[in-house]
Amino acid sequence: MFLLITYPVFDPVAISLGPIAIRWYALAYIGGIMLGWLYARALLKSEKLWGGPAPISGLQLDDFILWVTIGIILGGRTGYVLFYNLDFFIRHPAEIFEIWKGGMSFHGGFMGCVVAVILFCRKHGLPILSLGDVATAVGPIGLFLGRIANFINSELWGRPADPSLPWAMVFPNGGPLPRHPSQLYEATLEGLVLFTILALMIRAGALKRPGLVLGSFITLYAMARIAGEFFREPDPQLGFLWGGLTMGMLLSAPMIIAGLAIICVAWSRGPRAPVAQTISTPDVSTKADRD
């Protein structure tokens, strides 16, 4: 006989104010945005980290966070529709807009973030790679909170585990089998571990090389996601794909190549040259991070 950990049943509503109900996943988004904004402001205040003035002002950062947030939400929903449940949404197109029912994709959200960063930088004449560094430096905060919300909601649980595994647990909607708490594995790898590695890199001067933090985030996230997928139950509407691979694995594999390519570019360009910061510099090329 093995003693399994009892999954703590949580109320899906985190905060209830009369007719307004805030669910855990929404709270994770709000918390991720606020904590990410605070961390980004702290990074921008230190000229030592950048080797000179930061690439964006505090005032511009507020607008930047808004653009990135919109990109993540639109991209995350679009990615889920296209990658994970296209047949369903073709039959029920109106439900595409019902995001409060759940259904977001990291890979779609990341692509939406990339588009938002590029558009914002082109509009304001700011360096794309350096602002990509800012966005991805804070990314693990939101990833950690999002995975914790997945655990609280008893969703995206893991594959069946050996009953002798001390932390195996039975999820309310996961059947009678003990399972890996894969949400906590991913929260640790994609959140805590990734944040720690990037923070140590930043402390060692990574922000002085535009794109180095961005490329490292992409590469390390993809590796962490693929590792986590070995313990995570595939989405029921998709199941296992070619050779036992999951959709998460297939979407993450190209990210490793892209991330390594960005790291090579960042390293070959060398440290950024100190520049005088301005509120708006439309005549500056967004393709250069060292001008």
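Backbone N, Cα and C atoms are what each Cβ position is placed from, and that goes for glycine too.
Marked as transmembrane segment by Swiss-Prot on the basis of sequence analysis: 24-44 (among others).
The annotation transmembrane segment is assigned in Swiss-Prot to 64-84 (among others).
Within its own chain, the transmembrane segment (99-119) is flanked in space by residues 23, 25-26, 67-68, 70-85, 128, 131-132, 135, 143, 153, 155, 225, 251-252, 255, 286, which lie at least six positions past its ends and keep a Cβ under 8 Å from the stretch. What Swiss-Prot lists as transmembrane segment is 99-119 (among others).
What Swiss-Prot records for 125-145 (among others) is transmembrane segment.
As annotated by Swiss-Prot, transmembrane segment applies to 187-207 (among others), with the evidence given as sequence analysis.
The transmembrane segment annotation in Swiss-Prot covers 211-231 (among others) and is backed by sequence analysis. Same-chain residues lying 6 or more positions outside the transmembrane segment (211-231) and placing a CB less than 8 Å from one of its CB atoms are 106, 129-130, 132-133, 135-137, 139-140, 143, 158-159, 180, 182, 185-186, 189-190, 193-194, 197-198, 201-202, 246, 248-249, 252-253, 255-256, 258-267, 269, 289.
If you look up Swiss-Prot, you'll see 247-267 (among others) marked as transmembrane segment.
Within the same chain, residues 83-84, 107, 129, 209-212, 214-223, 225-226, 228-229, 232, 234-235, 238, 241 sit at least 6 positions outside the transmembrane segment (247-267) and bring their C-beta atoms closer than 8 Å to a C-beta of that stretch. Among residues of the same chain six or more beyond the transmembrane segment (125-145), those with a C-beta under 8 A of the stretch's C-beta atoms are 28-29, 31-33, 35-37, 39-40, 43-44, 55-56, 60-61, 64, 68, 106, 113-114, 117-118, 186-187, 190-192, 194-195, 198-199, 202, 206-207, 210-214, 217-218, 221, 262, 266, 272, 280-289, 291.
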